[in-house]
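**Student:** The active site, phosphoserine intermediate annotation in TrEMBL covers S67. Residues annotated as Mg(2+) binding site in TrEMBL: S67, D281, D283, D285. According to TrEMBL, the feature substrate binding site maps to E375, A376, N377, R503, P504, S505, G506, T507, R512. Summarising the annotation, TrEMBL assigns domain 'Alpha-D-phosphohexomutase alpha/beta/alpha' to 56-93, 125-174. Look at TrEMBL and you will find 180-288, 302-442 tagged as domain 'Phosphoacetylglucosamine mutase AMG1'. Per TrEMBL, domain 'Alpha-D-phosphohexomutase C-terminal' is recorded for 480-532.
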Amino acid sequence: MSTSYRTVYAFAREMHPKTVKHDIHYGTAGFRTKASNLGYIMYRMGLLAVLRSRYKQGVIGIMITASHNPECDNGVKLIDPHGEMMEQSWEELATRVANVQDDELEGTIKEIVQQYNIDMSVRVNILIGKDTRPSSPSLAKSVIDGVLALSGKPIDFGIVTTPQMHYFVKCRNTQNAYGIGTEEGYYTKLVSAFKKLRGDNFNNKNYVNKVLYDGANGVGAKKIKYFMKRLGDCLEIELYNDAGIGTGKLNYLCGADHVKSQQLFPTGVPNIPNQRCVSVDGDADRVVYYYNDENNKFHLLDGDRIATLVAEYLKELVSTCGIDLNLGLIQTAYANGASTDYITKTLKVPVACVSTGVKHLHHKALEYDIGVYFEANGHGTVIFSKNAKDKLNEAAKNNKLSEEQQEAAAKLLALIDVINETVGDAISDMLLVETILNAKGWNIQQWEQTYTDLPNKLLKVTVQDRSVLTTKDAERVCVTPEGLQEEIDSLVEKYSKGRSFVRPSGTEDIVRIYAEAETREECEKLAAEVAQKVYDLAGGIGAPPIIPQ
């Protein structure tokens, strides 16, 4: 099988010409921008996926989504053979391929082939999935054109969640050892494990098996219906914000990002006091819990809360098993300080802090036998090492152990099948949380009472050039501009339980400011004061921050 690079170039020039002058960069979320600007990028990512697949000698996935962004946006990211995000060196190649001029594309493809010694005669399969955005079908066609241009075989899964695509890719590359690589296989694996853990005890003590589910008018609403059919009475799910039966726009005034950032109930979900509610985002890889109390006060249980709940339960089961397994929890600097204190001082579970971005958390989690990672935004999962799985399988069958020890090992093995280890999965994570709450007999208020969050605030300052601000120590320490970190330290010292850090955006000329303190008033003032220092020392533009009096 031979490939004509000339044809690749000619096809790009005629059918998928570069339409945007400014450069676009591949980050943790892949490429993400206005859908109208993505046609040529989709074509080029189809080309790159074929190169990556031949280089890795495995199936590669392509997911077309802009996650929690507005409906007018879209994006694309590549998925590596084990269901993980594409490695960083190839992110740089993706940026290069996306930004070269049309008449440079042929030469760029040739250079990559030569640099990585890629055998272009190898037949490869590329899995393609998309979310529910109106722009996704045409953009998928552009991806398919790119795959075909380099003689790859596109396999279109249609509308799926991002976590499903990660699952499909890993299944294909493990010859279905991880699971059956179909939608039905995905549903069967998760639901069977969930039902096994729940048994006949649908309700337990204060736990009631009912949840209100906000589908963000996206694929998470579409796919939860398949779970609802299979779960039956063991978990009652009431679906809201389902674009399939309404007129709501994707992520508009609903979804996990809206609930997390606005600290408000999503539109369309009934306000029932103390009722457990859950929201997912546009591609169903983030999840947050929340409720309003009898005084109509809003309570959010975000990724930090999910992480602590999961880590505590896993530690209990591992301890019961009596198996020596290394359990760790990975956070970013955005994690609430109260959650970190609770994990380290009460649960006594080691905590590692890494730079913002799921790829950093996932990579660090691989260093543990059981690595729990969640971002505060609700994106996260649990990874079990081969050593952990081998020990648990052995313990579950070891008749020399007590019945309690064997049962704990069996529960952990079932939990592994509820969890999507490849990536954060909103629905999988919801089933995991529901399993743990049921096992503990907790309602959502009891879950929240494990510790009290410190008030926190997020602000941003627009600057002339974000590159003037650099950081280290997992983005917790500002290196430049000179003197800014000293100013932040001086401000933080003024407030009880104060903490603040600043970091540049990866895509825009803005600097993000995070602050927390013992009271809401102190938190608001600290955030504004730090923002003022950033404005002064990092070249702020526009209106300066307003500091509360």
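Every residue gets a Cβ built from N, Cα and C, even glycine.
Mind running through what each feature is packed against?
**Tutor:** Within 10 Å of the Cβ of S67 (active site, phosphoserine intermediate) there are 27 other Cβ atoms, across all protein chains.
Using a 10 Å radius centred on the Cβ of D283 (Mg(2+) binding site) and all shown protein chains, the other Cβ atoms total 32.
Annotation for G506 (substrate binding site): spatial neighbours H25, G27, T28, criterion Cβ-Cβ under 8 Å with sequence separation of six or more.
Within its own chain, the domain 'Alpha-D-phosphohexomutase alpha/beta/alpha' (56-93) has Cβ neighbours under 8 Å at 26-35, 38, 41-42, 45-46, 48-50, 112, 122, 124-131, 133-136, 139-140, 143, 162, 165-170, 172-173, 178, 216, 249-252, 255-258, 281-283, 285-286, 358-359, 362, 421-423, counting only residues six or more beyond its boundaries.
Within the model, the domain 'Alpha-D-phosphohexomutase alpha/beta/alpha' (125-174) shows a mean pLDDT value of 97, rounded to a whole number.
Shown for the domain 'Phosphoacetylglucosamine mutase AMG1' (180-288): DSSP residue counts in helix, strand and coil, namely 39 helix, 18 strand, 52 coil.
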**Student:** Taking 125-174, 302-442, 480-532 as candidates, which has the most Cβ pairs under 8 Å with the domain 'Phosphoacetylglucosamine mutase AMG1' (180-288)?
**Tutor:** 302-442
**Student:** Measuring Cα to Cα, tell me the gap between D283 (Mg(2+) binding site) and P504 (substrate binding site) in whole angstrom.
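**Tutor:** Pair distance, Cα basis, whole Å: 26 Å.
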**Student:** Looking only at C-alpha atoms, tell me how far P504 (substrate binding site) is from D285 (Mg(2+) binding site), rounded to the nearest Å.
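**Tutor:** About 24 Å separates the two Cα atoms.
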**Student:** So what sits near D281 (Mg(2+) binding site) in its own chain, CB-to-CB under 8 Å and at least six residues off in sequence?
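**Tutor:** Long-range Cβ contacts: S67, H68, A216, G218, G220, N251, G255, A256, D257, G378, A426.
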**Student:** Are there residues of the same chain, six or more positions away from D285 (Mg(2+) binding site), whose CB falls under 8 angstroms from its CB, and which are they?
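**Tutor:** In sequence order, S67, T161, T162, P163, H379, V423, G424, D425, A426 meet the Cβ cut-off.
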